[in-house]
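Below: the structure, in structure tokens.
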Amino acid sequence: MVKLAKAGKTHGEAKKMAPPPKEVEEDSEDEEMSEEEDDSSGEEVVIPQKKGKKATATPAKKVVVSQTKKVAVPTPAKKAAVTPGKKAAATPAKKAVTPAKAVATPGKKGATQAKALVATPGKKGAVTPAKGAKNGKNAKKEDSDEDEDDDDDEDDSDEDEEDEEEDEFEPPVVKGKQGKVAAAAPASEDEDEEEDEEEEEEDEEEEDDSEEEEAMEITPAKGKKAPAKVVPVKAKNVAEEDDDDEEEDEDEEEDEEEEEDEEEEEEEEEEEPVKPAPGKRKKEMTKQKEVPEAKKQKVEGSESTTPFNLFIGNLNPNKSVAELKVAISEPFAKNDLAVVDVRTGTNRKFGYVDFESAEDLEKALELTGLKVFGNEIKLEKPKGRDSKKVRAARTLLAKNLSFNITEDELKEVFEDALEIRLVSQDGKSKGIAYIEFKSEADAEKNLEEKQGAEIDGRSVSLYYTGEKGQRQERTGKNSTWSGESKTLVLSNLSYSATEETLQEVFEKATFIKVPQNQQGKSKGYAFIEFASFEDAKEALNSCNKMEIEGRTIRLELQGPRGSPNARSQPSKTLFVKGLSEDTTEETLKESFEGSVRARIVTDRETGSSKGFGFVDFNSEEDAKAAKEAMEDGEIDGNKVTLDWAKPKGEGGFGGRGGGRGGFGGRGGGRGGGRGGFGGRGRGGFGGRGGFRGGRGGGGGGGDFKPQGKKTKFE
């Protein structure tokens with residue numbers, strides 16, 4: 001109670017001393033009085049700062065603290081400032097740092113209270129020193145609070161000292177804005193008591209330290225002003241410093257972000273030149289498109305520079321066209337083979353090499369083990385590089401050859417031949433061969449010069465192939481043929497007889513064919529072709545009814561067509577016989593280049609193939625070219641026979657539209673239909689017509705195609 005009274009008295013005197021001017025130093029007596037006042041009120045000196053940190057001190061304490069601190073309690077550890085203003089500002093800041101943390105441990109109260117420097121006055125309803133609180137009023141408020149604090153001071157002093165020592169090393173946590181918020185929150189009386197006791201003990205320690213140093217002499221007015229302006233300002237400065245630090249950090253972060261953004265923009269700007277402008281890009285894209293197209297045209301659309309072409313496979317597609325051309329030419333150049341041009345496919349996996357001569361081409365084909373960029377290349381003659389029409393125009397058909405003839409022997413006769421292909425069956429030569437030349441002119445020249453030449457004891461017969469040969473057949477003219485038939489049809493032939501057997505009998509025959517069934521057995525008849533009508537007529541007269549292998553044969557002239565298979569006028573449809581039972585319509589169609597569809601005649605009851613069918617083309621020219629190419633060819637291992645299909649209306653058995661029982665020509669169905677016997681068609685029971693009805697259905701009359709006629713043998 002005595003201390004509180006003294007404190008109140010001191011504050012009253014402080015009020016009276018406010019008017020005098022600022023004084024830096026006073027008499028020694030005044031210093032002693034100030035020290036005595038510090039003794040009486042020293043306990044409250046640190047209270048406001050403790051309160052500021054704890055937000056639990058009363059306003060009176062806070063006012064006294066700031067005054068006493070400013071007047072007589074300079075910070076012992078810190079340097080005393082010369083000017084009172086600086087001292088006042090410095091002292092509370094330093095004091096605020098240490099006690100603020102000291103209270104945090106024992107009290108363990110809310111963080112908001114500990115952080116607020118100006119929070120205390122709000123609790124008691126008193127105005128804070130920053131707002132110009134009067135010392136007299138604060139002293140009165142202090143009396144009511146101090147009564148409860150005196151009893152507990154001594155008991156808690158030891159604990160508080162330990163707490164203070166521990167807490168002095170902890171950094172202060174000061175937030176100006178948080179202090180304002182904490183000022184609004186009320187604190188309990190128990191908290192005030194504990195904190196007051198701690199502050200009193202701290203004040204005593206500060207008094208001892210202040211005696212050793214020189215006391216600052218400040219007038220009461222100065223002391224009064226100090227709490228109002230200095231303490232909150234200092235608190236504000238600390239908070240502002242923290243805010244400034246935060247703002248600086250934020251500014252630094254923003255600066256870093258801006259720098260990153262600038263770097264990204266710079267990178268984008270650097271990348272932008274790489275991306276072409278829309279117009280430029282469009283041009284480049286056009287160029288990119290044009291290059292492959294030009295390359296493609298060069299490879300696929302270009303004609304070979306020479307007729308001596310070589311196919312090369314298994315190239316390295318990872319290399320460029322230029323690299324491949326150089327690498328492909330090198331191995332041939334090392335072998336003294338002149339390469340005219342090298343063409344590669346668009347995928348660069350294959351290519352073609354054009355040579356100057358057929359000799360170079362043949363030598364190139366003999367080379368083995370050639371490697372290009374590590375890949376062993378495949379060498380062979382190109383397949384289908386030239387159209388069959390072009391190849392047929394420069395190809396001759398050689399007949400009446402010895403069955404023992406070889407390609408080398410023919411090569412000696414036809415020296416300028418580009419390719420020679422012997423026709424064989426079951427590994428045995430059939431006595432015919434196809435001889436291809438460089439050009440159509442060379443083929444014509446050889447036909448004139450080598451016609452009838454003797455090869456291995458036999459006179460060879462040469463014929464044109466392709467369209468030129470078809471025209472000659474229609475006109476009945478060929479190099480050695482007359483308008484008369486040069487083919488004999490031989491019937492009642494022994495099933496064991498072979499073409500070799502017949503060749504021994506008919507020595508002048510240029511072509512002999514013995515048709516076989518699906519099992520490879522003879523059908524009992526044959527076609528024998530001669531070089532001239534006179535030879536055919538002579539054979540007919542001398543060999544008719546001759547016995548061959550136990551059977552008497554019958555001979556007759558086939559007709560003026562000059563070919564065993566040319567028994568009717570050309571059309572858009574080919575008749576194919578001798579098919580295997582396993583042959584499908586798809587296989588049949590694929591066997592004839594240029595065909596549009598194919599159909600195989602099957603048995604109505606069993607559904608099995610009858611061994612023949614029809615192949616349609618878009619034009620007669622396509623049909624002729626296909627017929628010539630497949631002459632004496634094989635399908636699924638069976639040798640097939642080709643003929644022109646009969647035009648509509650000429651066949652019996654209802655043509656394609658009628659069923660087998662109709663006999664009604666074109667329109668008859670199975671029930672007889674319109675025609676009766678013969679109907680509208682020319683033939684009666686003859687003709688090869690469609691036995692099954694075909695596309696026209698059972699009712700007949702559909703969009704049927706013409707068929708060939710049936711050859712009848714006695």
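Heads up, the Cβ atoms here are built off N, Cα and C, so glycines get one too.
Pulled from Swiss-Prot:
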type: MOD_RES; residues: Ser40; note: phosphoserine
type: MOD_RES; residues: Thr68; note: phosphothreonine
type: MOD_RES; residues: Lys115; note: N6-acetyllysine
type: MOD_RES; residues: Lys123; note: N6-acetyllysine
type: MOD_RES; residues: Ser188; note: phosphoserine
type: DOMAIN; residues: 308-384; note: domain 'RRM 1'
type: MOD_RES; residues: Lys319; note: N6-acetyllysine
type: MOD_RES; residues: Lys378; note: N6-acetyllysine
type: DOMAIN; residues: 394-467; note: domain 'RRM 2'
type: MOD_RES; residues: Lys399; note: N6-acetyllysine
type: DOMAIN; residues: 486-560; note: domain 'RRM 3'
type: MOD_RES; residues: Ser580; note: phosphoserine
type: MOD_RES; residues: Ser591; note: phosphoserine
type: MOD_RES; residues: Arg680; note: asymmetric dimethylarginine
type: MOD_RES; residues: Arg688; note: asymmetric dimethylarginine
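Neighbour density at the Cβ, taken as the number of other Cβ atoms within 10 Å, is lowest among the modified residues Ser580, Ser591 for Ser580. Taking the Cα of Lys399 (N6-acetyllysine) as the reference point, the closest of the modified residues Lys319, Ser580, Ser591 is Ser591. When the Cα atoms are compared, Ser580 (phosphoserine) and Lys378 (N6-acetyllysine) turn out to be 34 Å apart. Each of the modified residues Lys319, Lys378, Lys399 was ranked by the number of other C-beta atoms within 10 Å, and first place falls to Lys399. Model confidence over the domain 'RRM 1' (308-384) stands at 83, taken as the mean pLDDT rounded to a whole number. When DSSP labels each residue, the domain 'RRM 3' (486-560) comes out as 18 helix, 25 strand, 32 coil, counted as helix, strand and coil in that order. Ser591 (phosphoserine) and Lys319 (N6-acetyllysine) have their C-alpha atoms 37 Å apart, to the nearest angstrom. Here the Cα atom of Lys378 (N6-acetyllysine) is found 17 Å from that of Lys319 (N6-acetyllysine).
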